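The structure appears right after this line, and notes come after that.
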Amino acid sequence: MKTLFALELKKLTKKRMNIIVITVCLILAGILFYLPVSQFIVLDTDGKQTSGMEAIAMDKEFSNSNAGKLTNEKIKADIAKYQALFDDPENVSKDATQKSLNDSAYFKYFFPYSDYWKLINGNYAAPYAYDSSFSAITNMDLENNFDFYATRDEKVETLLNQEYDDWNFSDSEKTFWLNRVSSVSTPYEYSYHTGWETLLSCLELFVIGIIGICICVAGTFSGEYQSGADSIILSSRYGKSKLVTAKILAAFVYSFLAFTLLILAGCGILLLSFGIDGWNLPVQVLNTIAPYNLSLLGATLLAIATLYLVMIGMVAITLLLSAKMKSSVPVLSIIILAMILPMFLGISETNGIWNRILVLLPYRAAQPVFSDDFYGYFGYPLGGVTFDVVTVRMFVYAVITLMCIPFVRKTWRKHQVA
């Protein structure tokens with residue numbers, strides 16, 4: 001068995017097409033994950049544009065100027081300082097129809113710290129809304145029982161209780177999500193975290209690697225049919241037993257190793273450039289109402305684990321199609337279509353069931369949901385128990401893998417040699 005496995009794994013690793021495909025995937029990953037670094041732009045306090053590594057260093061300095069625990073006292077004091085800017089006529093735009101800072105004050109006192117203010121102001125915006133004018137903190141009355149986290153809870157209540165055309169939350173779902181939010185420790189910790197935020201937003205790019213790996217394993221069985229080797233293999237002593245096990249195991253091990261190489265390349269480029277600072281911050285620094293009690297590192301690892309399960313599930317489907325079809329071309333056509341098609345399928349405004357199916361499809365399942373008001377609260381109520389979208393994604397692809405493997409064996413064993 002060990003010898004058969006080693007031979008099958010060697011076939012996959014030495015195959016010229018596979019080497020080319022993985023090399024191309026690595027190059028693409030390198031380019032795509034370096035783009036956020038090369039195109040990273042920061043405007044300094046004079047409004048001057050800086051890019052690349054210099055911009056990253058500047059962004060770190062600006063973010064850490066607001067570092068610390070986001071207590072009610074700190075947030076209230078910060079908002080008070082921001083509001084005080086408007087008391088100085090030198091800071092206020094004279095041409096604006098509403099109260100706003102002029103360019104000089106805007107770039108000196110506000111824009112460099114806009115990520116922090118987006119987080120704070122976003123806590124007071126309506127669910128799914130973005131307050132681009134930052135009117136919430138600009139016009140806030142700080143004298144009336146200021147409580148940042150009570151406002152967060154009210155926003156979650158509003159999100160869960162308002163009426164929707166596609167899906168209204170049941171009482172059990174509301175309880176589930178409220179318990180999730182209440183389990184998150186407060187006050188939040190805040191500091192520089194651009195590396196992790198950027199990485200989470202780029203993880204879906206690893207779909208390229210999944211497609212590449214499926215291309216590499218597509219010929220595991222269909223390649224034997226095409227070459228005519230199936231007649232020799234199936235008539236051999238272990239052709240229908242140990243060999244099929246060795247082929248399946250080799251395909252999964254090869255896929256795991258190749259995908260790990262891609263993960264290390266992509267994540268390494270971003271984290272080496274932006275740094276790992278902020279790994280222990282709560283995921284709520286991306287969205288104050290995120291219902292996941294995770295650090296940024298934990299959220300990233302969970303998202304990567306989901307990617308691995310999606311990859312393994314798609315490899316299992318590829319192997320099943322390879323065992324059924326006598327050519328790799330239709331196998332690849334089906335797999336590539338399955339991976340890419342969800343990119344072009346839109347969210348429905350009236351059908352919540354469709355939406356919950358859509359986010360489980362391969363490309364969509366590769367997208368993290370931790371910072372999103374809409375997808376972050378996708379739940380799947382089954383028998384009075386609610387499961388979050390992350391758990392369901394992982395479960396679905398684990399089940400797909402376990403279901404496909406026996407059928408791969410059965411299909412190969414029943415293959416009739418021409």
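Every residue gets a Cβ built from N, Cα and C, even glycine.
As annotated by TrEMBL, transmembrane segment applies to 20-43, 198-222, 243-276, 296-321, 328-347, 390-408.
Contact check: the transmembrane segment (296-321) against the transmembrane segment (198-222) gives at least three Cβ pairs closer than 8 Å, residues 6 or more apart, which meets the contact criterion. The recorded stretches the transmembrane segment (243-276) and the transmembrane segment (328-347) do not share 3+ CB pairs below 8 A when only pairs 6 or more apart in sequence are counted, and are therefore not in contact.
Through the fold, the transmembrane segment (328-347) approaches residues 207, 210-211, 214-215, 218-219, 222-223, 226, 314, 317-318, 321-322, 355, 358, 361-364 of its own chain, all at least 6 residues removed from its boundaries and within a Cβ separation under 8 Å. A Cβ distance under 8 Å defines the sequence-distant neighbours of the transmembrane segment (390-408), meaning residues of its chain 6+ beyond its ends; these are 221, 244, 248, 292, 302, 305-306, 309-310, 312-313, 315-317, 319-320, 323, 359-360, 365, 369, 380.
Note on the transmembrane segment (20-43): residues 49-53, 55-56, 58-59, 62, 107, 111-112, 198, 202, 205-206, 208-209, 212-213, 215-216, 258, 261-262, 265-267, 269-270, 273-274 of its chain, located 6 or more positions outside it, place their CB under 8 angstroms from a CB of the stretch. Residues of the same chain lying 6 or more positions beyond the ends of the transmembrane segment (198-222) and with a Cβ under 8 Å from any Cβ of it are 12, 15, 17-18, 21-22, 24-25, 28-29, 32-33, 36, 247, 251, 254-255, 258-259, 262-263, 266-267, 270-271, 274, 286, 296, 299-300, 303-304, 307, 310-311, 314-315, 318-319, 321-323, 325-328, 331-332, 335-336, 339-340, 362-363, 366-368, 370-371, 408, 412.
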